[in-house]
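Visitor: One structure, pasted below without further comment.
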Amino acid sequence: MSQETIISNLIDMLKVSAGWDREANEISGRLFHKLMDMSSTETISQYMSLFGPLLEPHILEFIQNYEQEIDEVCLEYRASYDFMCLRNCGILPAKRFYDTYVLPPRTEMNGKYESIPHFFARIAAYCAWNCIMCEPLKDTLVYVQKRDWNVEIKTDMQIFKYFYKVISSQLVCCATPVMRSAGVAGENLSSCFIIAPTLDTEKSTISSIFGELAPLLASRSGVGVDVTKFSFGGKNIHSCLKLINAQVEFFNDKSVRPVSVATYIEVWHCQIHEFLSAKLPENPDRCNSIFQGVCVPSLFFKMYESDPNGLWYLFDPQDAPNLTRLYGLEFEEEYLRLVSEKKYKQSVTLKSLMFSLINTIIKTGSPYVISKEAMNKHHWYETQGEAINCSNLCAEIVQQPKQFTSTCNLANVCLPKCLNSSNFPYTCSNTAQFDFSKLEYAVQAAVFIINACILSPSPTSSATVGQRERSMGIGCHGLADVFSEMGYGYLDLESECLDRDIFETMYYTAVKTSSEICSVGKGQPFAGFRKSKLAHGVFHWATWDAMPQRVPMKQWIHLQDNIKKFGVFNSQFIALMPTAGTSQLTGYTDSFYPYFANMSSKVSNKEEIMKPNITFLKNVKPQDLCTVRFYGGDVSMMPEDVSTRYKHFLTAFDYCPEAQMRRASIRAPYVDQSQSLTLFLTEENVQSAKYLKDLLLLGFRLGLKTIMYYCRVKKTTKLLQLECLKLDEHTKKDAQIVLADLARELPDSHKTEDACPLDQSECIACQ
């Protein structure tokens, strides 16, 4: 048999035990990387000959000019601790790199993949070139590196190395469009688009859906669509949703990167019930490929709290054009005026509409629920008269798309990379410390990466206009891993303080770095800066009546003065998106969520791969492993002495949903866009509509912008997870022999007989 066949057979034997056998998981991942090395690019010269025709000419020229230096950087990376950690994250991250992110072979005859070191080099070259070409970015980067980190940057190659180190270490994870397409000619790098198309005639609806929406979906990004203005000729809104659904299905046919659309409507729309039924499982003509969201004015919640049996009036948007434009008190006055003038189409009880909403949520997991007042009250400029009433695909982006296509570029910080401990990440010693200086370094880098990507072409002229606001969305993943490594439960008081401090630091650092692109780099402030609240010295946290706790007030005041004098380069900064795609590459938990499960799986159209929570698994004592496996890793079900030992590894379904919402409100003052807040419920929670209704009302009272992104319900019964309980030791031995070849390829200082210590542990349209 060939070496490739031997390795493939070993991987197949090992991965069936990759759930509970940590060593099998790591070895199978390393073997898969070794297997792919055999069919991946080896040198920059080879890379350019194979993938050069795909790249933008100036990126190809940059790589050609520094071919030898980039080759050396890639070789150093192959022998680095960072690369060792990446290759030892397990079989799932290894698979995801090659089936989703690196450039695939261009032809079957020359079937070479883009190697992982060259994958990072392509992204770094793109960021470096754009940074070099944009003088404000370059000058600011050079300045802050010297001032804050005592690192001198004098050459273009040093800029490349800066980006390469940050990206290849996975301290900052780029969004999926950036990883897949940075440097590739004609590709879009934006993650999110939001449009508010004109839907008041048949002609305008067709023009909007096929003229505005189609090019955005073709760019492989998620899109939020406001359909509140749908109104003409008695047509049913379901027909419009079917058109959108068909487009999504067309673009997803045989596509590696699925995309989708989230359609949003306000709850006073006369076809709200038709909208809510569009995805119901009992609907034979349901729209399976799109998502839904509802924008709820504060008046609805207040009236419900006052009298659930009271009437709620529904309007045709042509009869009530101002309702979309207003929020808060002005909305209430307009609504009551229209009611008094009997402009409504029909009336329903508040309770019946609330029940319809909750019924759809329980059956489909959506619609997302966003608060119209919170979205607008905390926006970067006053929106009264042009109110925001929709969001993006994952409900974490807050922008006003009325005149153009709103656009946002994303990146996220891998928070566990900011932990310092002599033992981390070898074991959970409860002595790990969070390094805020490393977090600041990461956020600075994210600002430069995103601004470099903002310079990329947009798929439509309307999106190009939207990019003038230079909206950023810096998120995170691995927050739950940070808490457990430090010995905190997700909802402990200590984790609450750390949670708040992390996002305060992220917001402060992002705003400061962006302002220095104007003050140091002499960049022009974003379009619309003069009307912004920042121009008047009002930070996002001030609109929440919150007071910063970690960053001294004198630093905020100094930043405030600097912004008033010089401006700020970006309009928005922090957005906590789901990171289901990118977090698979690091093995850490998705976004800011608690652990979803200590044992789960990822299913594709090819196979099912076990996904253990490695942060949990590496801390399971040998004597507890049988017990832990018996209960499927569910800490809440284990005997008291065992569950106490692993209390930091409770899952999202074990924690009180109300407490999770309150935690979201604590970090909210420092999240100037929004949070994709998922509700994790049990079947017991949703036996009646009351519990979910109370959660939605709580979200309103807490002032959350995104009251609910998605609702996940944990089933009481579980299917047995089928996997090999005891792996044949001969299989492991054979695998280790094959891996010995890999060890010989590394310098002595990087050889190890042990598995890599850094092994922590959907839709990827946003990340």
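Glycine too: its Cβ is placed from the backbone N, Cα and C atoms.
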Visitor: Which one of Thr176, Thr201, Thr205, Thr405 goes with Ser191, Cys192, Gly222, Asn392, Leu393, Cys394, Ala395, Glu396, Pro578, Thr579, Ala580, Gly581, Thr582 at the substrate site, as Swiss-Prot has it?
Guide: Thr176
Visitor: Please give me the recorded positions out of Cys192, Tyr709, Tyr710 that lie within 10 Å of Cys408 (disulfide bond), comparing Cα atoms only.
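Guide: Final answer, ordered: Cys192.
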Visitor: If I take the Cα of Tyr709 (site 'Important for electron transfer') as reference, which of the binding-site residues Thr176, Cys192, Cys394, Thr579, Gly581 has the closest Cα?
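Guide: Comparing Cα positions, the closest of these binding-site residues turns out to be Cys394.
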Visitor: Tell me, by DSSP, whether Cys408 (disulfide bond) is helix, strand or coil?
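Guide: Where Cys408 (disulfide bond) sits, the three-state DSSP reduction gives strand.
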Visitor: List only the single closest residue to Tyr710 (site 'Important for electron transfer'), chosen from the binding-site residues Thr176, Cys394, Glu396, Thr579, Gly581 by CA-CA distance.
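Guide: That would be Cys394, the closest of Thr176, Cys394, Glu396, Thr579, Gly581 to Tyr710 (site 'Important for electron transfer').
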Visitor: In the structure shown, which of the recorded sites Tyr709, Tyr710 has the fewest other Cβ atoms within 10 Å?
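Guide: Each of the recorded sites Tyr709, Tyr710 was scored by Cβ atoms within 10 Å; lowest is Tyr710.
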